[in-house]
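Chemist: As annotated by TrEMBL, domain 'Acyltransferase 3' applies to 6-195. According to TrEMBL, the feature transmembrane segment maps to 7-26, 46-64, 76-96, 122-144, 151-169.
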Amino acid sequence: MNERNLNIDALRILACVFVIGIHATYNFNPHGLMDFNNYAGLLLHSIFRAGLPIFFIISGYYLLNSKIKSIKKFYLKRIVNIIIPFLIYSFLHFLIMNRDSTFSLNIYSDYFLKIVNGSLSVHFWFVYVIIGIYIFTPALSYIMNDSSDRTLNIAFITILVSYLVNVYYNNSSFLSVQPFELPYINNWYLYFFYWGIHRA
């Protein structure tokens, strides 16, 4: 699925506006004064937070409905367009945030550790999620293009139920003792996978 869709292009623009809106509008404070700014922030954030799910939905719609002819080219393109710019920008960000520190070779090892464990900056969370998606996209695309709609729907329902059980179990106040902790299932992957199963 490589044809241009103007409606989806319009959705991308809308999602960009929404993401900017999240960071530009007043943050709702549930413990603050319930004035106009607080209520306006609550309303606007409720609308603007649709921006990120839209991006994941569009990615799933295109990537999982396309036959990837060359896995090597697929990964190489993502390395050039995402990984390399991310490493450059994140290192500059790291240097700026640590500009008052004494420069030494340890700064490189510190950067490496932070970039690997994801603690460099909370603002980079999106990059880690999208990299995780791209790692498994070729395999998912191959499986989904050879599967029936019924099989894909069953798979999605299974993943959704697993996610809900995961959230309830790991956050349940009814369980005084949890014998084990379930691995966290990221909800962004659900947006990506769900729209990918809706073929055009």
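First residue shown is number 1, and so on along the chain.
Glycine is no exception: its Cβ is also placed from the backbone N, Cα and C atoms.
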Chemist: List, by number or range, the same-chain residues at least 6 past the transmembrane segment (46-64) whose CB is under 8 A from its CB atoms?
Modeler: 1, 8, 11-12, 14-19, 21-22, 25, 126, 130, 133, 137, 140-141, 144, 188-189, 191-198, 200
Chemist: Which value does the mean pLDDT take for the domain 'Acyltransferase 3' (6-195) in this predicted structure?
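Modeler: That stretch averages a pLDDT of 81.
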Chemist: Would you mind listing the long-range same-chain contacts of the transmembrane segment (122-144), meaning Cβ under 8 Å and 6+ residues beyond its ends?
Modeler: 52, 56, 59, 63-68, 71, 74-75, 78, 82-83, 86, 90, 152, 186, 188-189, 192-193, 196-197
